[in-house]
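Undergrad: Sharing a structure, written as structure tokens. Questions coming.
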Amino acid sequence: MASSQVGDMVNGNAEPTRHLAKFPPSLWGDRFTSFTLDKQLWDKYGNEIEVLKEQVRSMVVAGGRKAAEQINLINVLERLGVSYHFEKEIEEQLEQLFAKFEDNEDYDLFTIALHFRIFRQHGYKMSCDVFNKFRDSNGEFKETVSNDVRGMLSLYEATYLKIRGEGFLDEAHAFTIAQLESLVGGPHLSSDLSEQVMHALKQSIHRGFPRLEAKHFISFYEKDAARNETLLRLAKLDFNQLQLSHREELCHIFRWWKELDLISKVPYARDRAVECFFWSTCAYYEPQHSVGRAVLTKIVLLLSVTDDTYDAYGTYDELKLYTNAVQRWDASAMDELPDYMKTLYRALLNVYDEVERDLAKQGRAYGVHHSKEAFKEIVRSYEIEAEWFKEGYVASFEEYMKNALVTSTGRLHTTSCFMGLEADVATTEAFEWILTKPKMVAASGAIGRLVDDVMSNDEEQERGHVATGLDCYMKQHGVSKQEAIVELYKMIENAWRDINEEMLKPTAISMKLLIHVLNLSRISDVVYKYVDGYTHPEIIKDHVISLFEDPIPM
């Protein structure tokens, strides 16, 4: 992804012409430099949370509740963002509920669709046939469905769990979107329900950032006349306590980044410490993953600057030197680099050394080698794109995607994310699984790459950039830009289908690992949905503030 440049000089006196990207600066100044955790408030939250957790745990395991009531309780716990406290109990309940499920029960559309979504989210392959009773003899939706707003909203959310070959869910997706859009703001919806529908159409549950979606749902749930005050109280306390933890972690990361002072030496690069921490918090938000969030943030930051070096600054000759240095991964390779690259290379080696030391204390350093190898692979693929740009070469779409699945960083992000998990979860076998190039990791990478290609195409081509997947597809198939975008979005949807299918039991590896690959995929949907929100951080600024600064009123 090298930007346009003239005069490949490394050691000559003349500075080569560089076509800089002129990325927007950081939005945050010193906003996150200091933060003092209120220990008294933390303890107050924690003490009440422990009491409420036991009350809720008793609710989850209590007998005598109808299946529909139990599945609704599980849904509320998940949407409130507190289900991670009760994972074992919820899995036991779902196993029993799925084994006993009878589709001849007189369930309405809301309840059937809710069962479908919850079961699929947890790896149980419920058949689409459960929706047949809502279709007429011609296969069309019955008129009663169009009048059931809650049912349509539930079905809409369920369609995001589709896998390949489920044409009905594609039809249901298009149908529910059209119906719900026609009802928003109309006289047939209460303002509260209309607000829920509008949010769902903007961001689905399955593809959303769990912590942000929990905060949204809490605001809806507290207006629900049927709300459970214990659940609501626990959700608010849990969100606010975890927000304090995240804010403290962000402060440490932000100060570390300022002290590293890399951006002052490579000012062409995007300064995105806060956004990278936001990214890492999407990968895993739970309190036990604080080390993982720090590790992943640091690696993503270094990758971001490396990407910008290949994409928007380095000359081809400089980039070849840097690629070779990264393959050697040795401080002595620094001597061959221009000064600005020495700074970046030194930071890369030091950060990985620091990460390895931190993880070694917990017996988890074995994943660092895999992360380094993934970083080396990405840099090799960056150089391939730099060569293509230098030669004006437009690859076939297939050739482009083969390389793009590396530069999409799916392997590096997954490996680096696994490094931050508990040793009994992210075992050596988990890292070996990544080396097999599993379908789920490839699909996650494809989503990120193709969405980014569509959203950043105009801006990148304006400044000079290697042909993107959009350009390659247009040239190979002789189609317009809009036609190519339609085809790329079909590929993105198929990649989501693959992710959903890989999460159905029996899974290749533990669901405790796969959920983080899913979370990494969700980042693409949240950050790149309408525009490149990483390059243009004002797009996700409200998300950052909501997650790290604004507590929920108690």
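Any Cβ shown, glycine's included, is placed from N, Cα and C.
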Undergrad: Which candidate from Arg270, Arg293, Arg328, Arg346 does Swiss-Prot annotate alongside Asp307, Asp311, Arg449, Asp452 at the (2E,6E)-farnesyl diphosphate binding site?
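TA: Record source Swiss-Prot; matching candidate: Arg270.
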Undergrad: So which of the binding-site residues is most packed in, judged by how many other Cβ atoms lie within 10 Å of its Cβ, out of Arg270, Arg449?
TA: Arg449
Undergrad: Per DSSP, what is the residue count of the motif 'DDXXD motif' (307-311) in each of helix, strand and coil?
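TA: Breakdown, helix to coil: 5 helix, 0 strand, 0 coil.
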Undergrad: Between Asp307 ((2E,6E)-farnesyl diphosphate binding site) and Ser456 (Mg(2+) 3 binding site), find the distance joining the two CA atoms and give it rounded to the nearest Å.
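TA: The Cα atom of Asp307 ((2E,6E)-farnesyl diphosphate binding site) is 14 Å away from the Cα atom of Ser456 (Mg(2+) 3 binding site).
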Undergrad: What is the pLDDT of the motif 'DDXXD motif' (307-311) when averaged and given as a whole number?
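TA: So the average pLDDT across the motif 'DDXXD motif' (307-311) works out to 96.
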Undergrad: With (2E,6E)-farnesyl diphosphate as the bound species and Arg270, Asp307, Asp311, Arg449, Asp452 as its recorded binding residues, calculate the greatest Cα-Cα distance and give it in Å as a whole number.
TA: 18
Undergrad: Identify, in sequence order, the residues in the chain of Asp452 ((2E,6E)-farnesyl diphosphate binding site) that are 6 or more apart from it along the sequence and have a CB within less than 8 Å of its CB; answer 'none' if there are none.
TA: Ser524, Tyr528, Asp532
Undergrad: Would you say which of the binding-site residues Asp307, Asp311 has the most Cβ atoms within 10 Å of its own Cβ?
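TA: That would be Asp311, with the most Cβ atoms nearby.
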